[in-house]
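Trainee: From TrEMBL, for reference:
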BINDING   C28, C212, H237, E241  Zn(2+) binding site
BINDING   K273  ATP binding site
DOMAIN    349-408  domain 'Cysteinyl-tRNA synthetase class Ia DALR'
MOTIF     30-40  motif ''HIGH' region'
MOTIF     270-274  motif ''KMSKS' region'
Amino acid sequence: MIQIFNTLTKKKELFRPIDESHITIYVCGPTVYDFAHIGNARSVVVYDILFRLLKLCYNKVTYIRNITDIDDKIIQAAENNEKGIKDITDHYTKAFHDDIKSLQCLEPTYEPKATENIKHIIKLIEHLISSGHAYHANNHIYFSIESYCEYGMLSGKKVDELTHGSRVEIDKNKKHPGDFVLWKPADDIDYKLLSYWQSPWGEGRPGWHIECSAMSYSCLGQNFDIHGGGIDLQFPHHENEIAQNKSAFPGSIFARYWVHNGFLTINKEKMSKSLLNIVSIRDLLSSGIKGEVIRYALLKTHYRKPLDWTEDIISESQENLNKFYKVLNGIDVASVDLIGNYNVSIPKDFIDALKNDLNVPEALAVLHEMVAAINKASYMDQKLKLIKAFVKSAQLIGLMQSNYEKWFAVDRNYQEIEKLINMRRAARLNKDYMTADAIREKLKQMGISISDNKNGTITW
Ligand code: AMP
Ligand code: ZN
């Protein structure tokens, strides 16, 4: 049985699906106005692992990850770049897909876009107005948080506390400072950029929270198993989604389990565009770091803990994966696949770690134990069997997608590279930095980047 930490109950719970024959999950996806950063990547990789585990345990899993393609920041980006909204969103949606593909993430079952769901959004707002949960004021439609008696169930915030001094913006049109916008009227920029739609309340566009409510409802219905996203979305975004859906569909459970990944930080501060401390996936990839290395680095820390991004994490992950790929030296992976006689299964410890609230660091430790066993194995037969189980396990979490030759670029002569690295190390020890630099340059020309850390020199 899978156990997962549920933010709603603040407890690790046994995962009991609504319908064992069809598991349903909705995750808040990116707002596409710039390249995705490594914090966004963390969220995508975490839910990719959950998706893979659910697929292993159940026959049918529907995984919805939306694209937020209308938003103030998108409009701002279109204005700044003198582009249309769709030019911006198409460009960054494609970039997002390319980047996360490099991180070996599987595609979700369906990826709805907010702008393709305006009809559903309007219908949901109409329903909230007619049931007394939303109201019209100054050409805006607001959700009334006082109309929903369980408001605060996810974040623990109290309606009375959402007043002065809180981060909720003060707006004199609202009945309560915590009320939030469901629909806002078009302004001059919206008319210029055509970022508005017709509605019963005039031309305008939806608020962010109602978009996800409408998309999860249109794709998965009133009730589904898991809702995920980064911990920054717990309040107000997810709290507001709950208020909207449970008000619109009284008696529904909406999402049974709420899962939140921790922040990826830099110098212990959340990585975010507004703090100007972002590292994009694209920058890392174009500096020559392999997608699988980035994935490994994101998986080294348990998904609920903060992960502070450092250069060391990358070099350690590169070293760890080098160690993994070295076991394939001289092994034809295709022939490993052909050893059909071996009934090789993924070790129970490995699966159990994943089932225990996605304990990937523990699953990685099992992979390291498997590598140690492979390196100790004296008979080829035994070795191949262990390798097969190792590759199968690693591939379950999206690792070991390459082979020895490609990983070490053996066509560029791995032995030669090792020899040069050893010569450079010796030169550095002798303080012969000219020779060391010349060797670095030679390696660079061979397409090999190197860096030094406390454990020695690593290549990528
Ligand atoms: P956004 O594009 O900002 O709407 O975010 C897309 C997803 O990435 C959401 O699930 C966010 O919670 C998540 N996210 C954004 N920044 C970080 C970060 N620094 N660490 C972890 N997750 C993040
Ligand atoms: Zn959302």
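Each Cβ is built from the backbone N, Cα and C atoms, and glycine gets one as well.
I'm curious about the neighbourhood of these features; can you describe it?
Mentor: The Cβ of E241 (Zn(2+) binding site) lies under 8 Å from the Cβ of H209, C212, S213, S216, H227, F254, each of these being in the same chain and 6 or more residues away along the sequence.
Counting every protein chain shown, the Cβ of K273 (ATP binding site) has 16 other Cβ atoms within 10 Å.
Look at the motif ''HIGH' region' (30-40): DSSP puts its residues at 3 helix, 2 strand, 6 coil.
Mean pLDDT for the motif ''KMSKS' region' (270-274) in this predicted model: 91.
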Trainee: Reported as an integer number of Å, what is the Cα distance between C28 (Zn(2+) binding site) and K273 (ATP binding site)?
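Mentor: It is 18 Å, counting Cα to Cα.
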Trainee: Check the DSSP secondary structure of C212 (Zn(2+) binding site), expressed as helix, strand or coil.
Mentor: helix
Trainee: Could you list the residues of the same chain, at least six apart in sequence, whose Cβ is under 8 A from the Cβ of H237 (Zn(2+) binding site)?
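Mentor: Within the chain, H237 (Zn(2+) binding site) has Cβ neighbours under 8 Å at C28, W208, H209, C212, G229.
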Trainee: What is the number of other Cβ atoms found within 10 Å of the Cβ of C212 (Zn(2+) binding site)?
Mentor: 29
Trainee: How many other Cβ atoms sit within 10 Å of the Cβ of C28 (Zn(2+) binding site)?
Mentor: 24
Trainee: To test your reading of the Zn(2+) site: which residues beyond C28, C212, H237, E241, same chain only, put their Cβ within 8 Å of the Cβ centroid of those residues?
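Mentor: These residues sit around the Zn(2+) site: W208, H209, E211, S213, H227, G229, L233, H238, N240.
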Trainee: Measuring Cβ to any atom of ligand 1 with a strict under-6 Å cutoff, which of the binding-site residues C28, C212, H237, E241, K273 qualify?
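Mentor: The qualifying binding-site residues are C28.
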